[in-house]
Every structure is written in structure tokens, then in C-alpha cells.
């Protein structure tokens, strides 16, 4: 009854289990509509990210949330639904609000403060809206979640800095260059890491070369970033033009050799060599040459660990902001309940007033009926005026009793 969420995440379920119950982004509108029908709830949003699937709902009736989730997966032909009893968690009322605010802020993510989950929440909410899944309660809840997610990222270090190895490589390079950027860069390899690096260099407006063993793959990856391409055999032709080299291949041996820099003149140093490969792509001996700076995965790990530590220091501040929003949600929810109750009481009193007028009208002269109607309306109006104060006093009394 009321607001609740039921789901699973990387904290409660293994990758293998999450794969069984994962929902794709394109499935979310249909999943939301189907779950709402199965759960018979008034409002629903289904969230699916890389590391979690959650079913948010609001209902005025008493329901078994986990049972509804199990029935949903049964309807999809999944036989391993008993696992859901082991890996799922359920939160209710304000605990649900606190949970989604933490998710939006990245406090529940595998990488503290990562912002991809924020965008995935927005996508899930949009998908639910496309099938009229959320109503007044979930609209308010998700908008507050987006608000607190933005606030925490803007006002704390929880979401600051890079959150991936290639992101760390780019950030480290800027730090080493005192906030500057290279004149030109060479990126070696075609994969997800080099794609992130190419994107970062393009955002900086840096002329970039992409080298790969096969030209076709290099051309395809380079096109969106307007990078020039070359084969690995031609690396030496651009060594003299670049002052940053990123290498991330799966080659079994050294790609960037010491002799490639034999003819480098003093105008080109320092040259930053960023090695993202295991085993190494860049000859470690280059680090002994004047003006050559090698940064490898160990350097990046230390850099990311430091950033993680900085982020963690601001978690208490982020949690304080979340509690403020939980309080704001609770106040809004209480007022909404009061408004709903007042409307219902006003409607019922008006019905009673009319019934009683009809019942006793024969005991009064016809000329007095209008006065009686006005008198009864005035009674209802005065009662409705003091009722909010009575409700507020009653609520305060309940809180004191519970505490």
C-alpha cells in the first residue's frame, strides 16, 4: 500500500542472475504497461540500468510487490523466478524516496558518483510516461530525484573527475600539461577505450591521428571525430608532429619502440606516452630518454583511487542533501494526503447536509428553506476551515507518540 520499489542490483545479485532478468531500454514502455496490469497498481515506472532493474509503484490497495514482480517475469516466460526471492529488495514509503535519490546521485552505483545512471533514470521515466505509467506521486518522486542528482553533482565532489581508465588518461595528461592540451596526438588501436580518447581529444579541438593494423576499422572509428588514419607501419611518419601518444591494443608485444624517437628534435619534447594496454604497448625504455614521460595503467589506477577518495569524502554532504529532499517529499506527501482528505470530507459533508435538509424541510415554512440552506452551508464552511488545524495537531501528536 502506498509508494514502494522492488528490484535487484549489483549489490544483491551476481552478473549471471542479473542477465536472466535484465530488461533492454526498448522494452521499458511495454514492460511498464505489462507490470501495471499485473500488479493492478495506479502508478508505475520500471527502471533498467547496467547494474539494476527496479519496479516503482504507487497503489492505495494492499499488494505484494515482490509477488507482482515474480508474476511479471513469469509472463515473460522466465522459469528461474524463484531466484528473485533471494536477490530482490523492497522499500516502502519514504525509504523508497531515499533509495531513488541515492540511485540518482550515484551513491548506489558500482563506481561512486557515475552519472550514466542519472541519464538512464531519465530514459526510464520518459519510457514510463509514454504509456502513462506515472501519476501525481511518481511524477513528483522522479522530479525530486533528478533535482537532487543534479544538486549533488554540482555542489559536491561525488561526481567529479573521470570515472574510467581512458577518462583518467585524458585528465592526467591535462594535469601534467598544467591544464593545457597537446598540439597534436596519436591514438593507437580501435576499441572502446580509444573511442573515448578520440572523443575527448575532439572536444579539445586537437588534431589527431588514429593508427591501426587494418585501415577499414580505423577509418570507421575515426570518421565521427575527423581524425586522420594510418597503419601501424606508418607510425614513424607522424611521431615528429605529436606530443601525446595513447596506445591501447591487444598486441602481444611492444608497438611503440624506442628507435621511433631517435630522430626527434628538442622542439618536440616533452612527449607524453600513455600506455593503456596489457601487456604494454610502449617500450618502457622510452621513459629513460630526456623529455619522454610514460604514464601506464598503474599511474592511472593511483589517479582513479585518489579521485575515489576525494569523492568519498563528500558522501556525508551528499547524504545530508538527500535527507533534505526526503523531508521535502514527506512534507509534500502529507499535504497531498490532507488535501485529498479535505476534499473527500467536504464532499461527504455536502451530501449529508442535503440529505438532512430534505429530511427536516417539512418542519419549516417554505420561506425559511433558503435560510436553512445558507445556515447549513455556513456550518460546513466553518467546519472545513478548522479541520486542517485539527489534522495538523493530530499529526503532531502521532509523531510524538511514535518517537
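Note that Cβ sites are derived from N, Cα and C of the backbone, with glycine treated the same way.
Curation plays no part in TrEMBL annotations; they are all automatic predictions.
The active site, nucleophile annotation in TrEMBL covers 50. Sequence-distant contacts of residue 50 (active site, nucleophile), defined by Cβ-Cβ distance under 8 angstroms and a gap of at least six in the same chain, are 116, 117, 120. Under the DSSP three-state reduction, residue 50 (active site, nucleophile) is assigned to coil, being neither helix nor strand.
The annotation substrate binding site is assigned in TrEMBL to 49, 50, 51, 52, 109, 114, 115, 116, 120. Sequence-distant neighbours of residue 49 (substrate binding site) (same chain, six or more apart, CB under 8 Å from its CB) are 116, 117, 120, 121, 124, listed in sequence order.
A coil conformation is recorded for residue 190 (NADP(+) binding site) in the three-state DSSP classification, outside any helix or strand. For 189, 190, 191, 192, 193, 194, the entry in TrEMBL reads NADP(+) binding site.
Feature annotation from TrEMBL assigns domain 'Glutamyl-tRNA reductase N-terminal' to 7-156.
The domain 'Quinate/shikimate 5-dehydrogenase/glutamyl-tRNA reductase' feature in TrEMBL is assigned to 183-302. In terms of DSSP helix, strand and coil, the domain 'Quinate/shikimate 5-dehydrogenase/glutamyl-tRNA reductase' (183-302) has 51 helix, 28 strand, 41 coil.
Per TrEMBL, domain 'Tetrapyrrole biosynthesis glutamyl-tRNA reductase dimerisation' is recorded for 318-385.
Reduced to three states, the DSSP call for residue 99 (site 'Important for activity') is helix. The Cβ of residue 99 (site 'Important for activity') has 21 other Cβ atoms within 10 Å, all protein chains considered. What TrEMBL records for 99 is site 'Important for activity'.
If you take the C-beta of residue 115 (substrate binding site) and look for same-chain residues 6 or more apart in sequence within under 8 angstroms, you find 106, 153, 159, 163. The two recorded residues residue 189 (NADP(+) binding site) and residue 51 (substrate binding site) have their Cα atoms spaced 28 Å from each other. Considering only the binding-site residues 51, 194, the Cβ with the fewest other Cβ atoms within 10 Å is that of 51. All protein chains considered, the CB of residue 120 (substrate binding site) has 19 other CB atoms within 10 Å. For residue 109 (substrate binding site), the number of other Cβ atoms no farther than 10 Å from its own Cβ, over all displayed protein chains, is 23.
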